[in-house]
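J.: Sharing a structure here in structure tokens format.
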């Protein structure tokens with residue numbers, strides 16, 4: 001029965017893998033619905049606040065670039081050929097060989113540079129033209145051409161796009177769509193329901209790893225679930241949180257194809273969950289046991305890719321501390337990535353000195369208690385790993401001893417070229433690189449002499465390696481995992497935790513509070529996931545819905561494009577009804593002197609015939625500075641009137657925070673204006689004149705309209721935004 005369950009789990013998992021490669025419609029089981037276009041106003045304010053409404057910020061985001069490109073190609077009134085030039089340069093930079101670059105480089109020059117030179121419309125600097133011409137001329141002789149020859153044009157192209165064209169983009173519907181996607185991104189709040197979880201593929205000290213499929217895009221991931229009770233039992237809270245921080249450090253920005261990176265982190269009441277790159281090819285330890293030891297050529301391939309993974313980590317001041325074959329995973333094509341950052345450490349501010357890692361791979365400075373170290377430890381472990389791939393065992397585990405103390409003693413005493421067994425069957429270059437990596441003294445070790453990974457790359461063992469080609473994963477892997485197989489032990493062999501271990505462990509509120517900042521969405525990776533899967537399909541569906549709304553007869557709708565002095569507008573929930581017990585959807589427009597609430601129908605339109613609720617800023621006594629809780633809604637903005645209150649909220653955490661800022665700012669500004677005008681009125685009428693306007697009377701204009709009409713007219717003269 002257990003065997004049958006294992007087979008069924010494998011089949012389900014493999015079917016999910018195949019489905020993830022199909023069309024977007026078939027790939028996703030849960031559809032993404034973009035927010036209403038009315039989010040534009042408040043989102044624009046939010047993005048301005050965080051300095052995101054700039055050409056560089058939007059153009060360098062995957063979805064921002066795609067929408068800007070769509071605008072240039074289909075909406076902007078004039079052709080924008082420089083955008084195509086930009087794309088061709090980026091494509092050129094990814095070409096594999098000099099021959100391809102020479103051919104395509106000449107084509108780009110003829111199409112985008114020579115053509116404009118002949119028509120005298122070339123607007124780029126003369127130095128850029130001359131640089132490209134010289135590089136192409138030399139390439140005809142040397143048959144070599146660098147990938148960066150068009151780099152001088154990149155800045156010039158961006159400068160030509162960031163002016164009038166970008167301003168028009170911000171005014172367009174494509175920027176509204178960008179605001180819709182950003183709003184969706186910033187409100188991601190993942191739960192287990194957002195994934196279909198498949199078979200177990202691994203197990204660690206605190207939890208298990210599963211294959212899973214994201215419901216709204218169909219993308220396959222690995223889900224690493226850590227049990228909070230088990231973490232508490234073992235005192236591993238710091239380790240769990242550290243792993244989240246380290247994964248964030250190496251996954252944000254320009255990621256590495258040689259590290260298992262994180263796209264999401266979320267939690268449930270019982271689990272901490274990391275959503276990671278899925279690697280289906282097993283690990284090097286597994287393949288070492290199946291394949292036997294590797295040849296020097298095969299080791300060189302794996303070593304080159306691991307070097308680039310370590311280089312990425314070290315550039316972000318992360319020391320890995322657990323490099324070994326078991327932590328090097330293969331993808332379905334045979335390329336490798338470094339996995340499991342549970343022991344990684346940030347050394348940007350303070351160097352670590354803890355003795356952590358796997359015995360037989362730990363550097364002498366790590367074993368020597370109290371000694372601070374940095375990325376040097378990884379290069380020693382790297383040497384141990386290469387030795388293991390070549391010989392089948394660690395250089396300090398000669399007789400298959402399992403005594404950790406003996407292994408550590410041998411590590412401290414055997415390091416150096418004369419003590420480590422390097423058989424004559426090894427090439428001189430192989431011996432040399434191992435001797436250099438396994439040096440006891442850090443200052444003598446390759447990779448630790450001031451230039452990091454570059455020192456290792458330049459070693460004769462890696463002579464002839466094109467590191468750009470390594471980065472682009474263009475070299476053929478020596479071992480390609482079998483297709484149509486899981487390449488992992490079955491659930492029975494992986495085993496499971498004994499629930500009795502944690503039966504007496506209780507999670508308190510203080511325990512849960514430790515993880516309040518655990519959830520994370522890595523923006524670049526989420527945008528890449530969406531762009532590669534459902535972006536076009538969701539945009540097409542949303543366009544159809546919005547087109548239908550625009551074609552609807554306008555006679556029954558309120559035109560919300562009113563006065564231009566509106567500060568911000570959008571959809572909110574307003575508490576009302578008998579005894580203030582029900583929430584209704586409203587379209588709120590905030591002006592310098594008032595708030596206007598319009599009723600919204602289910603289709604997002606504002607029907608005519610419904611009374612507009614209008615509140616003057618002079619009617620508001622105060623806006624509470626902190627969110628309040630009303631009718632099961634946490635983030636409620638409360639505006640106290642003289643005898644009543646306005647309560648609004650939104651399930652959108654980004655928008656409601658921005659609404660609070662805008663309303664408080666508007667109220668404070670109006671209060672300052674009233675105070676200033678009151679002083680001017682007092683000077684004109686005299687403080688002891690009966691009926692002189694006070695601040696309180698100005699806050700309640702309906703009660704005091706007749707008594708203080710002169711003052712209100714004066715206030716309107718100084719500040720026209722206030723009613724007479």
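Cβ from N, Cα, C; glycine included.
For 54-179, the entry in TrEMBL reads domain 'RGS'. Taken from TrEMBL, the feature domain 'Protein kinase' covers 195-462. Marked as ATP binding site by TrEMBL: 224. As annotated by TrEMBL, active site, proton acceptor applies to 322. The domain 'AGC-kinase C-terminal' annotation in TrEMBL covers 463-530. Residues or ranges marked as domain 'PH' by TrEMBL: 565-668.
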J.: If I restrict to non-local contacts, at least six residues apart, and a C-beta distance under 8 angstroms, what lies near residue 224 (ATP binding site) in its own chain?
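T.: Spatial neighbours, sequence-distant, of residue 224 (ATP binding site): 204, 207, 208, 209, 273, 274, 276.
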J.: Count the Cβ atoms, other than its own, that fall within 10 Å of the Cβ of residue 322 (active site, proton acceptor), considering every protein chain shown.
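T.: I get 22 for this one.
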J.: Could you give the number of helix, strand and coil residues in the domain 'RGS' (54-179) as assigned by DSSP?
T.: 95 helix, 0 strand, 31 coil
J.: Tell me, by DSSP, whether residue 224 (ATP binding site) is helix, strand or coil?
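T.: Its secondary structure by DSSP: strand.
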J.: Provide the three-state secondary structure of residue 322 (active site, proton acceptor) computed with DSSP.
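T.: In the DSSP reduction, residue 322 (active site, proton acceptor) maps to coil.
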J.: Taking DSSP states H, G and I as helix and E and B as strand, how many residues of the domain 'PH' (565-668) are helix, strand and coil?
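T.: So the counts come to 22 helix, 50 strand, 32 coil.
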